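Feature annotations, reproduced from TrEMBL:
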BINDING   G150, Q151, T152, G153, T154, G155, K156, T157  ATP binding site
COILED    423-472  coiled coil
COILED    520-593  coiled coil
DOMAIN    65-407  domain 'Kinesin motor'
REGION    27-46  region 'Disordered'
REGION    605-627  region 'Disordered'
REPEAT    637-679  repeat 'ARM'
REPEAT    678-721  repeat 'ARM'
Amino acid sequence: MASSAYRNGTLHKGGAAKPISAATFKSSSFKSRLHPSQSLGSAVRRSSPASFGAASSGNDGVPGRVRVAIRLRPRNAEELVADADFADCVELQPELKRLKLRKNNWDSDTYEFDEVLTEFASQKRVYEVVAKPVVESVLDGYNGTVMAYGQTGTGKTFTLGRLGEEDTSSRGIMVRSMEDILADVSLETDSVSVSYLQLYMETIQDLLDPANDNISIAEDPKTGDVSLPGATLVQIRNQQSFMELLRLGEAHRIAANTKLNAESSRSHAILMIHVKRSVIGTEETLSNEIDNCSHLVKPSKPLVRKSKLVIVDLAGSERVHKSGSEGHMLEEAKSINLSLSALGKCINALAENSAHVPVRDSKLTRLLRDSFGGTARTSLIVTIGPSPRHRGETASTILFGQRAMKVENMLKIKEEFDYKSLSRKLEIQLDKLIAENERQRKKFDDEVERMNLEAQNRISEVERNFADALEKEKLKCQMEYMESVKQLEEKMLLNQRKQESNGFIGDRYNGEGPIVGEEIAEVRKLLQNEIHLRKTAEEELNKLKSKLGQYMQSGTCEDTEISRILEDEVNQKKKLEEEILILRSQLLQLNFEADQMRRCLDRGGSGNAFTGQDRHSQYNDSRNGQKAPINTLYEQVGLQKILSLLDSEDANARIHAVKVVANLASEEANQEKIVEAGGLSSLLMLLRTYEDEIVRRVAAGAIANLAMNEANQELIMSQGGISLLSITAADAEDPQTLRMVAGAIANLCGNDKLQMKLKSEGGIRALLGMVRCGHPDVLSQVARGIANFAKCESRASTQGKKTGRSLLIEDGVLPWIVQNANNEAPPIRRHIELALCHLAQHEVNVNDMISGGALWELIRISRNCSREDIRSLARRTLSSSPIFRAEMRRLRIEF
């Protein structure tokens with residue numbers, strides 16, 4: 001089983017590469033910032049007449065080269081069939097940030113880019129590598145541009161404009177950029193607005209308002225900034241509203257069906273995101289020249305940073321004889337190619353430091369004048385396809401990216417003093433203070449009223465208590481006086497009766513004289529007691545009067561305390577009024593200074609700026625040397641020396657050695673030598689003894705390459721290779737390691753002689769266990785291994801060598817096959833459809849497949865499969881099985 005390349009790893013077959021044609025550049029920092037306190041007036045302005053973009057007003061710039069990344073699209077269904085016998089025209093080396101463009105089977109050209117993204121690169125990685133640094137620069141106040149360039153049908157719109165409504169992991173750069181912007185800005189102080197346009201047939205049209213189909217371009221004569229005053233500008237408050245705008249714009253964008261792309265964009269789409277952020281500057285302290293001890297401190301002045309992110313989805317370049325464009329589509333293709341040609345001429349002129357840049361040849365170049373050679377941070381992603389039929393277009397795209405890497409921009413922040421915001425804040429603060437003063441005054445009045453009412457209530461209560469006590473005491477004295485008088489009257493009547501009962505008044509008068517004298521003395525005593533009681537009552541009355549006077553005095557003290565509180569509140573009110581007057585004076589002073597600054601700027605105009613010619617050095621030196629190819633290294637060092645390094649104690653040496661062995665193993669000519677020299681045993685020993693993830697991944701890849709040869713497959717099984725691969729599959733978590741292991745086991749599953757041993761040593765269960773990863777590349781290899789195993793079983797059953805149930809069904813693979821039979825990924829779906837057809841060809845498996853739901857998938861495959869050979873195989877399988885036909889009759893399924 002020979003093969004020129006291993007699809008799970010890197011591409012190996014090809015001639016010696018030529019010297020690298022692109023220079024190696026270092027990226028400028030995205031994070032250089034202007035200090036917030038630096039004013040616009042003090043900054044130096046400079047421009048370059050040879051630059052694509054005009055100089056921006058404001059501050060000194062930061063150099064920043066255009067960063068270029070290249071992305072390879074995976075083969076589509078048409079290329080899988082048409083180019084099945086041909087290798088890809090490009091070979092990617094992402095770890096070295098290189099790609100090789102094949103001229104023929106023995107010669108290729110090598111190019112370097114800032115990033116090289118394989119066909120397996122996720123949308124998240126593409127965004128983080130290409131667009132996220134630009135978005136961060138936009139949030140810091142710089143302008144930014146993200147642009148996609150490439151042949152039609154190579155994935156530009158997928159990379160930039162994919163909405164990801166069904167699968168969030170497929171979201172494009174537009175959606176992810178807005179997510180990061182909304183997460184970083186504060187919508188209370190900042191603003192985000194969006195315009196969505198298309199350049200169709202040299203006419204700028206509004207995708208958010210289709211009636212606005214001829215927007216003019218306006219240029220600032222002083223700064224050269226380009227704007228579109230007629231475009232719809234929508235404020236963005238949340239991600240949902242932005243997604244609705246993107247859906248609306250995509251619905252209005254013009255597309256057509258060509259031979260190269262079913263939905264070919266016929267216009268350049270331009271998304272403009274305007275970000276306005278508020279920044280607080282530092283305070284300024286002015287010293288008095290007369291008295292050094294006194295200082296005048298001015299409040300901090302807010303700054304406004306205005307930045308713009310432009311995301312450009314260019315229409316794909318195409319050749320008419322390949323795309324088949326006719327009539328109006330031919331005119332569209334001419335317009336697209338003319339605008340792309342104008343863009344290429346501008347980039348060539350900038351890369352060569354030409355004195356003239358033909359910016360006005362196209363509206364596209366006028367819109368992008370700030371992106372190339374201007375003041376914006378620019379990232380370019382060029383997309384290519386793997387098909388060797390389009391090698392010419394791929395080479396042209398690569399050269400465009402190489403030239404763009406030579407363009408230098410001068411990044412600048414655009415800041416303005418926000419006097420209006422400061423005035424508005426002071427007015428708000430003044431209104432708050434006035435409202436607070438009114439609330440305090442109302443609170444003070446309410447408190448005074450409450451205290452007055454409380455004092456009046458207390459005085460009334462004291463008066464009532466005093467009157468009640470006086471009345472009670474008066475009644476008590478009157479009752480005691482009346483009781484005493486009554487007792488005296490009773491005694492006098494008793495004495496009179498005693499005197500009348502005596503017969504001898506005269507005698508008794510003389511004899512009882514002392515008794516009457518005693519009674520008179522007793523009456524006098526009683527009178528004295530009454531007088532004493534009266535004096536006591538008067539003293540009590542005087543005491544009550546004194547208490548009343550004390551209560552009255554206490555009421556006077558409380559009135560004094562209330563008066564003092566009132567005075568304090570009045571003083572506080574005066575202080576608040578003084579603070580209001582001070583704030584009003586500051587507001588008037590700031591308005592006066594703003595008017596003066598505005599008049600100075602109006603008088604100064606552009607006279608303060610000066611123009612000059614800046615020349616930015618280019619990295620024109622290219623590398624003279626190149627790392628020797630793997631085959632040359634093998635001839636110079638020797639295989640034994642390379643294999644001996646696999647046991648080295650130096651981890652780096654061991655990793656490099658296993659990588660070299662893996663590259664050598666990809667070529668059939670080297671495989672026999674590696675096995676004879678003990679390389680296979682050494683690779684298996686690495687899997688057994690080392691836990692380093694890189695070592696295990698590369699070793700598994702090398703074993704997978706060796707396992708493509710039938711002779712090596714039996715050696716791998718005899719040396720316990722399947723057990724080691726199963727253990728590695730159970731322990732590993734890295735998707736790339738699992739992909740290599742699954743690829744190795746999938747190659748072993750294609751050998752008829754190893755079926756029982758694969759099952760007994762856990763190979764099938766290891767394949768099924770790796771689906772936990774969920775990575776599409778891993779699932780594709782798992783599906784390929786199951787398809788290979790099912791094909792071998794079907795062949796053995798046809799030849800009469802196997803009679804029992806499928807080993808796959810015994811190990812529980814059928815539920816996973818049915819669940820993923822309609823998987824969205826074409827490679828996974830194709831392998832599983834083949835596996836189902838092969839399993840169904842053996843009559844022993846039919847009942848299990850019916851109970852497991854596989855019949856419905858076979859019917860779907862026979863009707864809807866995209867490949868004619870698989871549809872035909874499914875039809876033959878269903879029609880040849882009596883059990884399947886009986887079940888379909890029972891279910892009333894017409895076939």
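Cβ coordinates are placed from backbone N, Cα and C, and glycine is handled just like the others.
Each residue of the repeat 'ARM' (637-679) gets a DSSP state, and the totals for helix, strand and coil are 35 helix, 0 strand, 8 coil. Within the set of binding-site residues (G150, G153, G155), the lowest number of other Cβ atoms found within 10 Å of a Cβ is recorded at G155. Using a 10 Å radius centred on the Cβ of Q151 (ATP binding site) and all shown protein chains, the other Cβ atoms total 27. Residues G150, Q151, T152, G153, T154, G155, K156, T157 make up the record's ATP site, and a Cβ search at 8 Å around their centroid adds R73, A148, N261, G316, T383, G385 from the same chain. In the structure as shown, the Cβ atom of T154 (ATP binding site) sits within 10 Å of 28 other Cβ atoms.
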